[in-house]
Ligand SMILES: *Cc1c(COP(=O)(O)O)cnc(C)c1O
């Protein structure tokens, strides 16, 4: 059972809003809200006041138009393909323009359709992924006709190392971004600015500008690694036991007989394997809690099932059927698991497979 606590997500959003004095807080719910369900998460956030949402692709954003209330502002982060302009305009989606060619296409589409559809403009200040380089940005600022036809409402950039508080790039990116903001503001007095992702919010007010763009922190990932997590945990995963066996003699466990257990050992087979993303979630040698006791996996993980050595619990037969082994909980936190498995909280969440039975704990706030 994958339990997703919508009330915790709402509390996390409200907490970020209290930190970001003055700035609005958006919700980054790309990749199906990091695997947790963009519909459920988006609506829970809407209920507490979130009105701006970021998606990665036009397909995600179009789907969201079907489940988010019509007054939400939807941004598409991942660049736009040539030809998608009319669809974006019709569906009232704001593209994040990441290159001069995209800027030109958007301006041209607005001219052709007689529209003044908004855009966001992204600058590369050091991440070197999406965005206009500063020189291209300056070029755009020098072409007022082009700029006005593009109708920018938001200027943004993305921090590359915000989760390392003392990384010099944080200040460097802030300075570059501020300079760009100064250059564009006189041309577009209503323009808003956005720099911080989850970790960026915790770097300090200077990084906040008008709009914060948290994803990870909403979902309980620690935005300030190696210090106490200020966010509430959101995800709990437990795997149902589908078979329990007692070994009558020493026996090898699982594919390739890589591990053996002695006579008298107890093995619990749980539903959940690498097809559920479990190898990314808990790692290949996983731990879990059964009746409050720590147990470990044994042998290789299979596609649909995984074995745990539960000998430490003593003689427990079929009474365990229907019970579950917890693999993400308050002891086995996202931070603990990602460190242990050399992965990221982001990877753990986005690897949570579609086959888990999902339970959403209702938001504490209702419309
Ligand atoms: C994914 C993303 C975010 C959210 O980042 P988190 O670290 O999850 O808070 C913010 N801005 C951009 C541009 C992104 O791509």
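From the backbone N, Cα and C atoms, a Cβ is placed for every residue, glycine too.
Quick look at what TrEMBL annotates:
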ACT_SITE  30  active site, proton acceptor
ACT_SITE  255  active site, proton acceptor
BINDING   129, 303  substrate binding site
DOMAIN    234-361  domain 'Alanine racemase C-terminal'
MOD_RES   30  N6-(pyridoxal phosphate)lysine
Calculate the distance in Å between the alpha carbons (Cα) of residue 303 (substrate binding site) and residue 255 (active site, proton acceptor), and round it to a whole number.
-> 11
Of 30, 129, which of the recorded positions has the most Cβ neighbours inside 10 Å?
-> 30
Residue distribution over DSSP helix, strand and coil in the domain 'Alanine racemase C-terminal' (234-361) = 29 helix, 47 strand, 52 coil
Can you see whether DSSP assigns residue 30 (active site, proton acceptor) to helix, strand or coil?
-> helix
Specify the secondary structure state of residue 129 (substrate binding site) as given by DSSP, simplified to three classes.
-> coil
Whole-number Å only: compute the distance from the Cα of residue 30 (active site, proton acceptor) to the Cα of residue 255 (active site, proton acceptor).
-> 36
Whole-number Å value for how far residue 129 (substrate binding site) lies from residue 255 (active site, proton acceptor) (Cα to Cα) | 41
If you average the pLDDT over the domain 'Alanine racemase C-terminal' (234-361), what number do you get?
-> 93
Can you count the other CB atoms that lie within 10 A of the CB of residue 303 (substrate binding site)?
-> 11
